[in-house]
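Beneath this line is the structure, given in structure tokens, with notes to follow.
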Amino acid sequence: MTDNNHYENNESNENSSENSKVDEARAGAFERFTNRKKRFRENAQKNGESSHHEAPSHHKKEHRPNKKPNNHHKQKHAKTRNYAKEELDSNKVEGVTEILHVNERGTLGFHKELKKGVETNNKIQVEHLNPHYKMNLNSKASVKITPLGGLGEIGGNMMVIETPKSAIVIDAGMSFPKEGLFGVDILIPDFSYLHQIKDKIAGIIITHAHEDHIGATPYLFKELQFPLYGTPLSLGLIGSKFDEHGLKKYRSYFKIVEKRCPISVGEFIIEWIHITHSIIDSSALAIQTKAGTIIHTGDFKIDHTPVDNLPTDLYRLAHYGEKGVMLLLSDSTNSHKSGTTPSESTIAPAFDTLFKEAQGRVIMSTFSSNIHRVYQAIQYGIKYNRKIAVIGRSMEKNLDIARELGYIHLPYQSFIEANEVAKYPDNEVLIVTTGSQGETMSALYRMATDEHRHISIKPNDLVIISAKAIPGNEASVSAVLNFLIKKEAKVAYQEFDNIHVSGHAAQEEQKLMLRLIKPKFFLPVHGEYNHVARHKQTAISCGVPEKNIYLMEDGDQVEVGPAFIKKVGTIKSGKSYVDNQSNLSIDTSIVQQREEVASAGVFAATIFVNKNKQALLESSQFSSLGLVGFKDEKHLIKEIQGGLEMLLKSSNAEILNNPKKLEDHTRNFIRKALFKKFRKYPAIICHAHSF
């Protein structure tokens with residue numbers, strides 16, 4: 001509606017608008033305007049001017065383009081407008097545009113000015129969404145990204161970021177083996193590529209202290225040593241691992257970092273940024289390079305009400321986003337989960353209810369690194385007057401370090417040893433323990449199978465398993481659940497939604513991270529291929545062009561510069577196997593042999609041959625394992641012996657006189673004979689001697 005229409009409305013409804021001072025003012029303004037117009041026409045008639053003289057040009061109707069206003073009044077009103085413009089210019093505020101077309105008839109000029117405002121704001125928003133366009137696209141600088149673990153799998157995270165002269169390694173984690181890797185407790189990344197580039201590695205950069213990010217550090221330092229940068233908790237837990245491995249002297253490589261304080265590491269400038277996750281003191285990384293800024297989120301969720309009241313440093317992330325980020329590497333673990341991940345503090349009401357209603361002992365099992373989860377459980381144990389027994393080596397160690405470093409504060413008098421549990425009534429005891437993943441050597445498993453020295457599960461026990469099974473551990477978790485239920489314990493697991501929350505961002509948190517960082521290029525990390533592929537779709541929905549996203553797998557090498565992202569090669573990657581009881585690596589060939597034995601059995605042959613007669617001696621020995629039953633073994637051995645007799649008769653002197661060739665000749669025959677009979681390739685143990 002135009003200003004004139006406002007005035008006409010108010011004049012016709014003057015009596016009904018008396019209670020409004022604003023309406024009265026407008027009506028008065030219209031009356032004064034009408035009187036001025038009337039006097040103007042009367043003066044014009046007295047001066048002999050045309051009686052149909054038009055009103056000043058700024059009141060002319062815009063649909064009369066041929067009607068020219070009087071020059072005198074045109075100049076007069078031009079002066080008025082110029083004066084108004086000068087006055088506005090002198091009082092102009094940055095970010096504010098004054099409207100000049102206030103009193104004109106119609107809305108064309110008014111809307112033009114508003115449209116200019118729309119265009120200006122749209123331009124500002126587009127520039128705000130794409131600050132990375134400030135980067136120098138002519139720069140020849142680039143960085144190379146090489147994941148050695150954590151892509152195509154859950155866990156085992158390790159990544160190399162390098163320039164031609166310098167490199168950093170982000171995290172060094174372990175993962176759990178799938179079922180069937182007999183005698184293998186953990187997997188660690190293959191360090192071969194690090195040996196190739198060792199002369200330019202400036203440091204190991206740790207994002208947080210979970211096993212899938214620090215578990216491989218002692219094995220790495222047995223082979224290579226570099227400065228190791230991290231927050232106090234990360235270094236504390238790594239230091240404890242080094243003690244167990246006899247590497248205490250390598251603590252001299254540790255560098256304690258301060259968050260929000262960029263430091264130089266080789267050619268990189270790195271800042272640790274506080275992030276919330278399921279372990280204390282987690283960090284994202286801002287890595288400044290000559291090519292541009294890289295943000296690595298580490299594992300994260302955006303928890304606004306964390307237990308320690310230290311939420312994610314969104315301001316610092318946004319700070320780098322506004323400056324312009326070339327590349328974002330972001331956690332993909334929960335990329336299939338819609339919405340947001342609940343806060344760690346939401347567990348409290350469920351814990352409160354369970355502890356309040358428990359009639360006997362409460363046994364709570366979770367990841368030993370989830371210190372805030374353990375802390376909350378202990379707080380409710382104290383609230384309901386229970387003594388706390390912490391059982392399990394890793395649980396005791398992590399809790400002690402967190403207390404000593406001042407991350408948590410708990411009264412020492414509330415704690416008892418495992419051998420003191422029996423001295424207290426069941427309803428006055430809380431046991432915090434390891435074993436949430438069904439590990440056969442864990443305290444919970446040994447309690448459930450009556451193998452623990454001091455504690456066995458009772459029918460009145462409440463067992464809270466406050467964790468989800470890591471992929472690959474489902475069968476182990478199911479086994480321990482079966483043992484607990486057979487003991488008639490009450491088990492709180494997945495049916496209680498509020499006793500466990502994830503430490504990883506769901507889709508809405510991933511979107512917020514993408515919107516804060518506004519990267520030009522995006523590499524989703526941490527997860528199997530289906531996780532990073534889903535994260536890619538989320539990034540596209542947040543405005544990252546599909547051509548600027550690459551889905552990596554372990555061993556891929558991707559080069560990124562201000563104007564491009566491309567795969568440039570593939571390096572050898574894989575896993576090394578570790579026996580966690582001896583802390584020793586297991587050769588790949590040993591694991592393969594174990595798989596052969598488990599899947600197809602073993603056949604052993606020690607033969608003695610008379611070269612002249614080309615015949616087996618009676619002292620030859622044969623045995624099998626996992627092929628046939630005891631009754632059928634004699635028949636199988638007789639078949640193999642008969643076949644070998646025929647083989648020796650047709651063998652030439654060169655084979656019979658060479659023990660190595662005779663052994664290979666015998667092994668190949670047995671292998672083929674067993675495959676023909678069983679359609680399997682058992683492990684063959686063969687020794688041959690000729691006389």
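Backbone N, Cα and C atoms are what each Cβ position is placed from, and that goes for glycine too.
According to Swiss-Prot, the features are:
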type     : residues                               : note
REGION   : 1-89                                   : region 'Disordered'
COMPBIAS : 10-19                                  : compositional bias 'Low complexity'
COMPBIAS : 41-57                                  : compositional bias 'Basic and acidic residues'
COMPBIAS : 58-82                                  : compositional bias 'Basic residues'
MOD_RES  : Lys134                                 : N6-acetyllysine
MOD_RES  : Lys140                                 : N6-acetyllysine
BINDING  : His208, His210, His277, Asp299         : Zn(2+) 1 binding site
BINDING  : Asp212, His213, Asp299, His526         : Zn(2+) 2 binding site
MOD_RES  : Lys323                                 : N6-acetyllysine
MOD_RES  : Lys337                                 : N6-acetyllysine
MOD_RES  : Lys397                                 : N6-acetyllysine
BINDING  : His500, Val501, Ser502, Gly503, His504 : substrate binding site
MOD_RES  : Lys511                                 : N6-acetyllysine
MOD_RES  : Lys547                                 : N6-acetyllysine
MOD_RES  : Lys634                                 : N6-acetyllysine
MOD_RES  : Lys649                                 : N6-acetyllysine
Lys140 (N6-acetyllysine) versus recorded positions Lys134, Lys337, Gly503, Lys511 - nearest by Cα: Lys134
Output field, Zn(2+) 2 shell: CB within 8 Å of site CB centroid, site Asp212, His213, Asp299, His526 dropped: Gly150, Gly155, Asn157, Asp171, Gly173, Thr207, His208, His210, Gly298, Asp331, Thr333
Packing count at His500 (substrate binding site) (other Cβ atoms within 10 Å of its Cβ): 22
His208, His210, His277, Asp299 excluded, remaining Cβ within 8 Å of their centroid (Zn(2+) 1): Thr207, Ala209, His213, Ser278, Ile279, Ser282, Gly298, Phe300, Gly503
Residue from His210, Lys511, Lys649 whose C-alpha is spatially nearest that of Ser502 (substrate binding site), among the recorded positions: His210
Among Lys511, His526, which are recorded positions, the residue with the most C-beta atoms within 10 angstroms of its C-beta: His526
From His208, Asp212, His213, His504, the binding-site residues whose CA lies within 10 Å of that of Lys511 (N6-acetyllysine): none
Rounded to the nearest Å - Cα separation of Val501 (substrate binding site) and Lys134 (N6-acetyllysine): 40
Rounded Cα separation (Å) that holds between Asp212 (Zn(2+) 2 binding site) and His277 (Zn(2+) 1 binding site): 13
Spatially closest candidate among Lys323, Lys337, Lys649, the listed modified residues, to His208 (Zn(2+) 1 binding site) (Cα to Cα): Lys337
Using Cα positions only, nearest of the recorded positions to His210 (Zn(2+) 1 binding site) (Lys134, Lys323, Lys337, Lys397, His500): Lys397
Site of maximum Cβ density within 10 Å, from recorded positions His277, Lys397: His277
Local Cβ density at His210 (Zn(2+) 1 binding site) - other Cβ atoms counted within 10 Å: 25
Cα separation, Gly503 (substrate binding site) to Lys323 (N6-acetyllysine) (Å, whole number): 28
Cα-proximity to His277 (Zn(2+) 1 binding site), 10 Å cut-off, over recorded positions Lys134, Lys337, Lys397, His526: none
